[in-house]
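For reference, the structure discussed in these notes is given below.
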Amino acid sequence: MADLKAILDSIYTDILPRVGEGKVADYIPELAKVDPRQFGMAIVTVDGKVYRVGDADIAFSIQSISKVFMLTLALGKVGEGLWKRVGREPSGSAFNSIVQLEHESGIPRNPFINAGAIAVTDVVMAGHAPREAIGELLRFVRYLADDESITIDDKVARSETQTGYRNVALANFMRAYRNLDHPVDHVLGVYFHQCALSMSCEQLARAGLFLAARGSNPMTGHSVVSPKRARRINALMLTCGHYDGSGDFAYHVGLPGKSGVGGGIFAVAPGIASIAVWSPGLNKVGNSQLGAVALEMLAARTGWSVFGD
């Protein structure tokens, strides 16, 4: 394997002069307070080695990256039946598009846009009170990362609850089309809390390692999903994981990944490693500007792109 420490150090050196680029997600008041002049990156390999640079131990709001973990839970509960509620195609529209949802009769295009993630959350809630569903997700992520210190930032959750008007509209559209089984306020309460998960790059890379290792976490010995399901979650991340910037990310980076407006990106090099990068400044489609640049550098310097070196 390439000398990952040297490669990661070289990426950090090249990124450092640009730290602060992009614009923080100011439409969520708590995220607007985050200092954009931060950058961290962590790599966890399938043989258990951990590499990190910069602010890799600072917890940040993972936001939409949480959708990967919620999707994993939902597939565990209902399997392929999930795809009656949500599609598997790239959206080509903004992550919070209302027009597309109405045009497609309340069936969200994929589980990683906001409407799709809200539908997935509704599935996970079956038989649970909202507080129980939030607890289930938190326990699951702690189990994946083998880290009981992971928390949900209640200030961020409240901030989203107070300003998430488009998400309220999306949920009401789906409820009108009978694609939500639970009351809108209950589903959104869970959704806003899942997006407020607070994790560091290292914690996030550890939690997602099962997707790099055929569904099992080699560091903990935990079997999480089947190899087939891991492969399919990775496929969805590659095609849909970066909103309407997914094609561009595949073109430049060539790895399955999921971004969040907190500035994080989680990525997978199948059979090799899981990667998490964080830089709060976003590009025009809501993905971490320097996070994407750093991952492009990583793919180029390691040859890890799924499309070849």
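Glycine too: its Cβ is placed from the backbone N, Cα and C atoms.
Site annotation for substrate in Swiss-Prot covers Ser64, Asn114, Glu160, Tyr191, Tyr243, Val261, and the matching candidate from Asn167, Asn234 is Asn167. Around Val261 (substrate binding site), taking its Cβ as the centre, 23 other Cβ atoms fall within 10 Å, counting all chains. In the structure as shown, the Cβ atom of Glu160 (substrate binding site) sits within 10 Å of 23 other Cβ atoms. According to its DSSP assignment, Ser64 (substrate binding site) is helical.
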